[in-house]
Structures are given as structure tokens and as C-alpha cells.
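Undergrad: Quick paste of what TrEMBL says about this protein:
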- B:83-273: domain 'ABC transmembrane type-1' (DOMAIN)
- B:20-39: transmembrane segment (TRANSMEM)
- B:86-111: transmembrane segment (TRANSMEM)
- B:131-158: transmembrane segment (TRANSMEM)
- B:203-227: transmembrane segment (TRANSMEM)
- B:253-273: transmembrane segment (TRANSMEM)
Amino acid sequence: MVGYLLHRFWHMVLTLFAMATLMFFLFRLLPGDPTATVISPSLYPKAQEAMRQQFGLDRPLFEQYLLYLRNLCVLDFGFSFQTNRPVFEMIQGRLLNTILLILPSMLAAYLLGAIIGAVAAWRRGGTTEVGLVFTATALQSAPLFWLGMLAILLFSIKLDLFPIGHIVTPGAFPEQDWRMYLSADFLHHLALPFLVNTLYQLCFPLLLMRSTMLSTIGEDYIELARMKGLSERRVLFGHAARNALLPLATTLPMILGWAVAGSVVIETVFSWPGLGLLMIEAISRADYPVAQAAFLLIAVLTVLGTFIADLLYGLLDPRIVYA
Amino acid sequence: MPTIILDFFRAVWRGPFGPIGLVILGLCLALAIFGPAIAPYDPVARNYDAAGKLLRLAPPSWQHWLGTTLLGRDVLSQMLVGARPALLVGGLTALGTVVIGVNIGLIAGYFGGRIDSFLMRLTDMFLGLPFLPFIIIVLSLTGRSLTTMVIAMTLVMWRSTARVVRAQVLSLREMPFVAAAHITGASDLAIIYREIAPNIMPIALVSIAFALAWAIITEASIGFLGFGDPSVVSWGSIVYDAYASQMMYRAPWWVVPPGIAIMVLVSAVYFVGRAYEQVVNPRLRTG
């Protein structure tokens, strides 16, 4: 087990290393001056020259690459073109905002999805099941950004129940410290993006729960439970659902990682100051150091999700043997 | 090959959702082909009323069934033209995804050993790549065009197909017909592509369907985020224009139709894909 864990961990480090490398070369493949991704073209030529020397950009590419890796290891992402502040400082708060939006919403989505999916399996063959499957498929097929816009149109503009976007009322917390996250204002702003994301994300666990439960119906232990004379409800919720929860739980970390990657969309619609929105803003302002760092951080979260999913899969299913 | 297509239609036609999906897909395909021809207006032309005033955010009327945009463009015409990029990008990406994914899965599963562990490590690496952010970075660095979009999306999407196909090949490899082929002296390539590959086709078709659904949504999301090809009107870019103009909440007729179109098209793809999967994958068959 420990061996497997180490193996997977090493694997994860390798993956991250490969991604950092990919980013290094991708950003230097840019048409035009490759140093434009590190030094703001808006600076005076002399200042640009000085920075080029300071950052070692006049050295060969390979040396630059080593320097880049070293800087990543000590979390030095350089300076933003836009604000001239260290990128790391800008990213910290954004990371927390993304996690606060995505994590509770995904947990809620999985919980609700599992329950509704079990109900759909219980009512198999009936109109409830058809209705649930149809609705979940339609919701899953709708673009998330569009669902968000419809929700704003309906709940914020027409009914005036929620604010249109942002994390708190602009100017309410000039210091942006921890008190912001404990305020009712924050929860009020979180509510709508949370609801939309949860509604959208619960379709996958719902459909998976239903199909896994339906596929266990032919298994021996279900047959046995039936023969014991248990009611259909006890058979399904006590036996089939419990076993179906296992494959469902193993998908959570990975889907969570993907949801972080997909947060660009929901954050854009709701002007939620998270990592995804930061990346989009940075790209549109050609603030490459920030864009690159935001991407790498999102990648770390996604890879971490896959890693945990793998471990969980092994932990929860005793049939898996670690080779 | 034709038999599998025939089997495909026969399988999908059985369920309640399959035929609905097929009909919608057919309609969308027709729209992608003829849409630009039947669009009543030039989708990017500004329209004026009888008095010569620009029709800014005009609500739906007999002249403009779905109203107009902030720049006085006809929403219905944009909708009709927008089907083509959605299906083109979606279709090409799905095709590319399956071609790469199936080949990698076949080679990894058949040869096993070092080749397998190298290819699977590669697949895992791609599995960790954040999907949308990666595509956006590539598009912003290499230029926004439909071609780049297809290449970037294919590059990230083959990973799931490869995994599914490999798992299937691992069990097919042990089948007697593969051993028989070995004895007759068939080469590895012949066994992979003549003996094993035909058995993979059903799974490949399922994966095409899911890749198509995913690609259409992604194309729209990229358009919405403003990274689509600037010269192409797509369903995603219509929503982006509305969003960027800050007028979207005053003009529901501008925002609602593209979302519905995407939703209906993607649902149709899912219906067809799942109906076929039911038949192909016996584990999903319910008694």
C-alpha cells in the first residue's frame, strides 16, 4: 500500500513536471519576441534590456528552462505586467475563492445526485424515472454559462433576490481579509453561482448512480436480499444503493478536479474572482506571467484530484490488489 | 463497416429516446448544410427600420423572428448560420479523438509491457491537463481559428477513449480467435487491425458520440469566453456578443435561443449515444 502510494505520488510529480515543461515551451512558441511573455512590452527599451539581463533571458533557452523550474519550486512566478506585484501574492486569494465556490457545490451535487439517482432506479420503468433521466440529460447538455445567465436574468434581475455577481458588494470589505468570508453578504453572493453549479453538476452522479444500481439488480446478493423477503425499498436502498455508492465516490475527486478546470466558465458569468476568471482576465490583458501561474495552479488541483481518485479507488474496493 | 452502421441505426431505433435523438441530429445536420442558404438576412449586416433608424435590440417581430442584436443584426440568421461551426468543430474533434484514442488503446492493450506502461503514463498525464484552460491558452498563444480549436480539443480529448479501448483490448487479446491468428502466422499489425479492431468498433462509436457532445459544449464555451474564431458566427459567440455588450439581460431573445439550440443538439447526441451503449454494453442492460 505504501509502495503504491509512493508510486502514484511520484507519478503525480512527473505529470506536473511535464505540464510545467509544456507551458514553458508553449509560452515561448509565441509569434514575435519570446521575451514578451516575461517582460512587459510597455516598458522603456532600456528597462526591458535591464530586465532581460536580470531574468537571464539573454541566456540560452535551456538555461532559462532550468531557471524557470527552480523558480517554480520556490513558488516564484515572477511579476504581473499589469500591477507589477508578485504573481504569487495575486494568486493566493483567488485560489481560496475558487475552492470556496467549487468544493461545497460539488459535495452537494454528489449528495443530491446519489439520492435522486437512487430514487430514479427505484422507480425504474415508470414516468418518474423517464422524467428524471430526461431532465438530467437536458440539464447536462445545456452550456453552464447559459444556465448561469438565465439564473441571473430570472433571480437577480426579474425577482431581485440575489446580487448579479462578484463575491461581496464592491467596496464593502476594502481590506479583503478573512472577515469577508464570514459575512452574510458573502453568502448572499455565493448562493446563486452555488445553486447553478450544483444543479448542473448533479446530473452526472445522478445518471451514474441510477445506471450502477440498475446493473447491480442482477447480482446474487440482491437476489438473496429479495429471497429474505425484504421489501423492494429495503433491497434497493439498503443493498443496491450502498454498493453503487462505491464507484460513485471514486469518481468524485476526479470530477472535482475537472470542475476546478471548468470553473473558468461559472466564474466568468458571475464575475467571481477565482483562479479561472483571473486566468481569462490575464490572457485578455496579455499578462502572461499571471496567466501561466493561474493555469499551473489549476493543473495542480486537477492532477491532485486524479491522484486522490486513484487512491480512493484502491481503498474503497478491497478487490483491487496493489501490484 | 456498413453492417456496423446498419446495426447502429437498428440499435438506436429501439429505445424511446434514440429515435428522437436521431431525428434531431438529422435536422441539425440539414441546418449545418443549408443554414447559411436559408438565413433571411446576412448574419453580420446591420438592419434598419423603414425610417432608416438602426434596429437596436428590436424584440421579435414578423421581420425579425428572433429580434435583433445591439448592432441591429438578425438573431435568427445568426442562429441558422451558427449550426455549421458547432457540428463542424464537434464532428472533426470527435473523429480525431477516436482515431487517436482507438489507435493508442489498441497498441497499448495489444503489446502490453513497456509500450503499454509508457502509453498509459502519457494518457494519465493528459488526464490531469485542465481541459478548458489548456485549450484557451493554446488558442490565445497560437491564434483563434476553428482549425486550432479542433487540434487543441483533440489533443486533450483522446485520453478517455484510449483508456476504454485499452481495457477492452486487454480482454480481447486472450480470446481464442487471437491465438488462432497467431498460429496462422499473422503479423501483429494484421492481428490488431483485422482481428481485434472490428470488435472495438462499437465502443469507438459510443466514444464518438460522447466526444461529439463534449466537443459541441466546449466549442460553445470557448466562443462564450471570447476565444472563438472572430470571423465565425457560432452559437457560443452569439452569447458572447450579448454578454460583452452588457445588454443581455435586456434582450432575452438574443441570449435564450443559442442556449436552447446547444441544449437540444447535445441532448440528441447523448440520447443516441446512450441508446447505442445500452445495446453494446451488456452491463447496462436492465432486466
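Backbone N, Cα and C define each Cβ position, glycine as well.
Because TrEMBL annotations are produced automatically, they should be read as predictions rather than curated entries.
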Undergrad: What residues elsewhere in the chain lie close to the transmembrane segment (B:203-227), defined as a C-beta under 8 angstroms and at least 6 residues from its ends?
TA: 4, 8, 85-87, 89-91, 93-95, 97-98, 101-102, 131-132, 135-136, 139-140, 144, 149, 153, 157, 160-161, 164-165, 168, 234-240, 243-244, 258, 262, 265-266, 269-270, 272-273, 276-277, 280-281
Undergrad: Can you find at least 3 Cβ pairs under 8 Å between the transmembrane segment (B:20-39) and the transmembrane segment (B:131-158), where each pair is 6 or more residues apart in sequence?
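TA: These two segments do not touch.
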Undergrad: What same-chain residues lie close to the transmembrane segment (B:131-158): Cβ under 8 Å, and 6 or more beyond its ends?
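TA: Contacts with the transmembrane segment (B:131-158): 85, 88-89, 92-93, 96-98, 100-101, 104, 211, 214-215, 218-219, 221-222, 225, 227-230, 232.
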Undergrad: For the transmembrane segment (B:253-273), could you work out the same-chain residues 6 or more beyond its ends whose Cβ comes under 8 Å from its Cβ atoms?
TA: 12, 17-18, 20-22, 24-25, 28, 57, 59-60, 66-67, 69, 75, 79, 82-83, 86-87, 206, 209-210, 212-213, 216-217, 220, 235-236, 238-239, 242-243, 247
